[in-house]
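Participant: Dropping the structure in here first, questions after.
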Amino acid sequence: MLQLDHLLDHEIQNLSGGELQRFAIARTALVDADVYMFDEASSFLDVKQRLRATDVIRELVEVGQTDSAEEAEALAAKIAKRYVIVVEHDLAILDNMSDFVCCLYGEPGAYGVVTKRASVRNGINHYLAGYIPAENMRFRAHAITFRVQSGVDAENTAAAAAVREDQANKAVALEGGGGGAGSGGSGGGGGKGKKGKGKDKDGDEKEGKGGKGGKGDKDKKAEVGVWQYPAMTKTHTTEDGTSFTLHVEPGSFRQNEIIGLMGENGCGKTTFMTMLARYMGP
């Protein structure tokens, strides 16, 4: 279930963080004990692996399929004496894994308090609110809230970004001086714009310098506030001869945006970020 079969011939010291964490979970779950303790069992795992690890931990206190009713009864009697304690920061995994929740709060080097157990829903809500109603105790000055952007908010954000971009383009155009207009083409980039004539405050005609030509397709910043990157390919080859190739399609992103990358471990997220950083430069 934890997908460890391909690691049977590997040395423990050569395992990655996620592989080592899955191995530790499997090793702990195989021990016949009354109390199991897992400290941050999902820290190095992706979403799918976290769900698999949750299933393994849940099976320690659940009666699965057995060959006979006698075996099921004996297993149920053994499980009834078991406790599983999990320290977890991922609220989604905590919600999926737990039957009860205790919140911990305090000050480093001073004191620590473990609240009474509550249902999963109430325990998570108490933690987010920073307040324990049953004890009339506020352990955080502010509540933790999650901002969910609606479709209207997204449209307003895009419209505001478009206005800022238009203003920036106008500001760049005004830098050309008098009546001169800059011109530039794609590919190798255009030359300087022609000189233009305009009038000063006294009405006298004066000649202004033309704006500089636009840069070509090679410019990484084709539009103000928009960064573009080309199609890229990267191949990694390990010592045992296996290879991994990542193909990136061309794309772009705007300033003042936070973009999340989602995917399983090993699908190339870190490789893509490294390629992007090297292309964009400091």
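Every residue, even glycine, has its Cβ placed from backbone N, Cα and C.
Residues annotated as compositional bias 'Gly residues' in TrEMBL: 175-191. Residues or ranges marked as compositional bias 'Basic and acidic residues' by TrEMBL: 199-223. Annotation comment: TrEMBL describes 3-42, 252-278 as domain 'ABC transporter'. Look at TrEMBL and you will find 174-223 tagged as region 'Disordered'.
Looking at the shown structure, what environment does each listed feature sit in?
Facilitator: Restricting the average to the domain 'ABC transporter' (3-42) gives a pLDDT of 88.
Through the fold, the domain 'ABC transporter' (252-278) approaches residues 18, 45-49, 161, 225-229, 232, 234, 236, 244, 246 of its own chain, all at least 6 residues removed from its boundaries and within a Cβ separation under 8 Å.
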Participant: For the domain 'ABC transporter' (3-42), give me same-chain residues lying six or more residues beyond its boundaries with a C-beta closer than 8 angstroms to one of its C-beta atoms, as numbers and ranges.
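Facilitator: Distal contacts: 49-50, 52-54, 56-57, 59-60, 81-90, 93, 265.
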Participant: On the DSSP side of things, how many residues of the domain 'ABC transporter' (3-42) fall into helix, strand and coil, could you say?
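Facilitator: Per DSSP, the residues of the domain 'ABC transporter' (3-42) fall into 19 helix, 5 strand, 16 coil.
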Participant: How do the residues of the domain 'ABC transporter' (252-278) split into helix, strand and coil according to DSSP?
Facilitator: 10 helix, 3 strand, 14 coil
